[in-house]
């Protein structure tokens with residue numbers, strides 16, 4: 001019998017074919033299999049290694065529940081599958097049968113789409129948690145560098161304590177209870193109407209606070225320089241945002257401390273005194289440096305990943321807020337322009353709209369007319385509506401990431417490989433310090 005190109009003779013096109021898939025028997029016509037070219041069953045014939053002459057059927061050691069959907073796809077042209085099976089298994093089976101996932105029916109696509117979302121989530125979490133580092137290939141663990149070996153768990157506790165103490169000293173230096181009369185009053189600005197400037201120019205921080213601040217500055221300076229020296233990838237080190245913040249927090253503080261004690265009569269040098277003030281303003285980065293807790297706290301890392309993944313939703317929220325504030329601000333201005341009780345300009349009304357839409361409501365600008373009050377009510381309702389559209393999406397992303405991160409951490413604590421669908425993405429128990 002001479003076979004044609006599709007694997008069956010003309011006489012066999014309508015004969016029935018029996019499949020034994022994982023112990024479950026299926027039967028269909030040979031012509032049904034010819035509807036989908038470039039698939040595994042399209043070129044099926046009795047020369048196939050899956051054919052069993054004794055039982056006159058084809059045996060495949062695959063999942064029968066998914067094959068039922070595959071066979072139905074040959075019959076009706078629609079691809080469905082059970083929702084109680086992991087999408088990863090479904091995708092693997094579709095690859096085996098040579099069927100593209102884009103043919104999944106719309107009713108099943110939402111569930112099947114979870115596979116892509118979980119994969120993307122796993123990649124983000126693996127990168128943020130450091131699980132994509134430390135391996136060079138499947139089953140091969142990369143040797144730790146000196147930079148990595150220096151970051152042990154006990155060291156992270158000292159870093160966290162020093163960060164909290166640094167923030168405390170930053171706040172304490174501006175408290176009246178933590179300042180003493182200055183040995184050399186500066187009085188450079190002579191602004192007696194500003195009590196904050198008078199306090200700064202006539203008092204100094206308590207010597208204990210100063211001593212702690214100097215020790216912390218020396219510690220963070222040493223820690224930053226040490227990490228920079230032993231880091232194997234200098235460019236990546238200096239371009240990371242947290243290290244840029246660290247740089248802006250450490251070096252201006254060290255320079256300001258040196259100026260304070262090396263030039264006690266600094267007020268006599270206006271330009272130097274002004275530069276000293278600019279350096280003091282960099283103290284804001286000492287507070288922002290608290291983001292380093294993200295290296296050691298799981299929840300904060302997941303929150304950062306969530307915010308990055310929710311950038312589209314956040315941009316949409318900001319866009320709605322900006323448009324709403326401009327529209328309601330302009331409308332409020334023209335509603336209140338006829339009354340002298342509210343002396344405002346248009347930038348002020350736009351500011352008022354932002355404050356109202358975010359439900360803050362300082363009360364520094366209030367409507368006086370009926371039409372202005374109507375605009376204020378609509379502005380408040382729009383702000384609640386706009387916020388309600390984006391916040392649940394961000395919260396859902398955080399919940400999804402946190403649940404998957406919990407599974408990854410549990411497998412790590414049990415000493416199991418971290419299965420994140422990434423090549424070679426495994427992590428052993430003795431690499432816990434990277435967290």
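Including glycine, each Cβ sits where the backbone N, Cα and C put it.
Mean pLDDT for the domain 'BTB' (15-115) in the predicted structure: 85. Feature annotation from TrEMBL assigns domain 'BTB' to 15-115.
Marked as transmembrane segment by TrEMBL: 154-172 (among others).
As annotated by TrEMBL, transmembrane segment applies to 208-230 (among others).
Under the heading transmembrane segment, TrEMBL lists 242-262 (among others). If one looks beyond the transmembrane segment (242-262) by at least 6 residues along the same chain, the residues whose Cβ comes under 8 Å of a Cβ in the stretch are 213-214, 217-218, 220-221, 224, 272, 275-276, 279-280, 282-283, 285-286, 288-289, 291-292, 294.
For the transmembrane segment (274-293), the residues of the chain that approach it from at least six positions outside its boundaries are 159-160, 163, 166-167, 170, 242, 245-246, 248-249, 252-253, 255-256, 259-260, 266, 300, judged by C-beta separation under 8 angstroms. Residues or ranges marked as transmembrane segment in TrEMBL: 274-293 (among others).
Sequence annotations record features per position, and here TrEMBL assigns transmembrane segment to 314-334 (among others). Residues of the same chain lying 6 or more positions beyond the ends of the transmembrane segment (314-334) and with a Cβ under 8 Å from any Cβ of it are 307, 344-346, 349-354, 356-358, 367, 372, 375-376, 378-379, 382-383, 386-387, 389-391, 394.
Residues 321, 324-330, 332-333, 368, 372, 376, 379-380, 382-384, 386-387 of the same chain lie 6+ residues outside the transmembrane segment (340-362) yet bring a C-beta within less than 8 angstroms of a C-beta in it. The transmembrane segment annotation in TrEMBL covers 340-362 (among others).
Under the heading transmembrane segment, TrEMBL lists 374-395 (among others). Using a Cβ-Cβ cut-off under 8 Å and counting only residues 6 or more beyond its ends in the same chain, the transmembrane segment (374-395) has close neighbours at 306-307, 310, 313-314, 316-317, 320-321, 324, 328, 331-332, 335, 353, 356-359, 366-367.
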